[in-house]
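Trainee: Quick one: the structure is below, questions incoming.
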Amino acid sequence: ALRLAGGRSRCEGRVEMEEEGAWGTVCDDGWDLADADVVCRQLRCGHAVSVHGGAAYGRGNGSILRDEMGCEGHEEHLWECPAALEHDCTHKEDAGVVCSEHHQWRLSGGRDGCAGRVEVLYRGTWSTVCDSAWYDPERRVLCRSLGCGAPLQALSYGHTLPGRMFYKCESLQASLAYCHWVFNKSSPCYQSRAAGVICNGT
C-alpha cells in the first residue's frame, strides 16, 4: 500500500509505503519528478507538481524502505521502480510530493489571512469557490483547516478568477478536499457568487 501523510489533502505529503504490515518512508536521495509522478498516478492524484526532500512534511516513523529511487515515470506502482533497499538515510531525509489533484486554500482581500474571499489552488491555478452551498459546515471546515478558528460571518464577492470550485460538506472534515467537490461544472455554480468568510482567529 501507498499513502501521503502530513499534508493538507490526501494528494500532498510525505511518501509512505507499507511492507509486511508496517509503514515506512522513502529517502530523498535521487528523489525527482519521475518518481513522484508514479506516486501521484498510483494514488489517483493526477501528476506531480513539485517534489520535496528534507522531511518537508515532518519526519516519518518506522523503516526507511527505499533509497535512490530510479523510476522512469511510467511504472504503475512505486515498488516496481529500481531502488536501493540498503540506505544511509535518517527520517530527516524523508521524501514528499505535491500532486496536481491537491487543493490549497487562502483568504484574500480581507483584514488578514483569516478573512476575505475564498481562493483555491487546484491543478496549478487559483480559482474562486461558488457560494451556492457555502453554509456553516463548509465555513467551519475552512476556518479550522487554515488555523483561523471558527466562522464569524459569510461574505460574498464576484468571480474574477478563471476556475470555479464547488464544495459541500456533510460533516467536520480535516479540510474541504475531503468533502464532496466538483471543479468547473456549471450547474452547481449557476448564478452563484464567490464565497468568502470572516473567521474569528487571526
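Residue numbering: from 1, along the chain as shown.
Quick reminder: no glycine exception, Cβ is built from N, Cα and C everywhere.
The annotation domain 'SRCR' is assigned in TrEMBL to 2-100, 105-200. For Cys71-Cys81, Cys169-Cys179, the entry in TrEMBL reads disulfide bond.
Give me the structural setting of these features: burial, nearby parts and distances.
Mentor: Counting only same-chain residues six or more apart in sequence, the Cβ atoms lying under 8 angstroms from the Cβ of Cys71 (disulfide bond) belong to Ala34, Asp35, Asp37, Val38, Leu78, Cys81, Pro82.
Spatially close to Cys169 (disulfide bond) yet at least six residues away along the chain are Pro137, Glu138, Arg140, Val141, Leu176, Cys179, His180, judged by Cβ distances under 8 angstroms.
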Trainee: Out of Cys81, Cys179, which of the disulfide-bonded residues has the smallest number of neighbouring Cβ atoms within 10 Å?
Mentor: Cys81
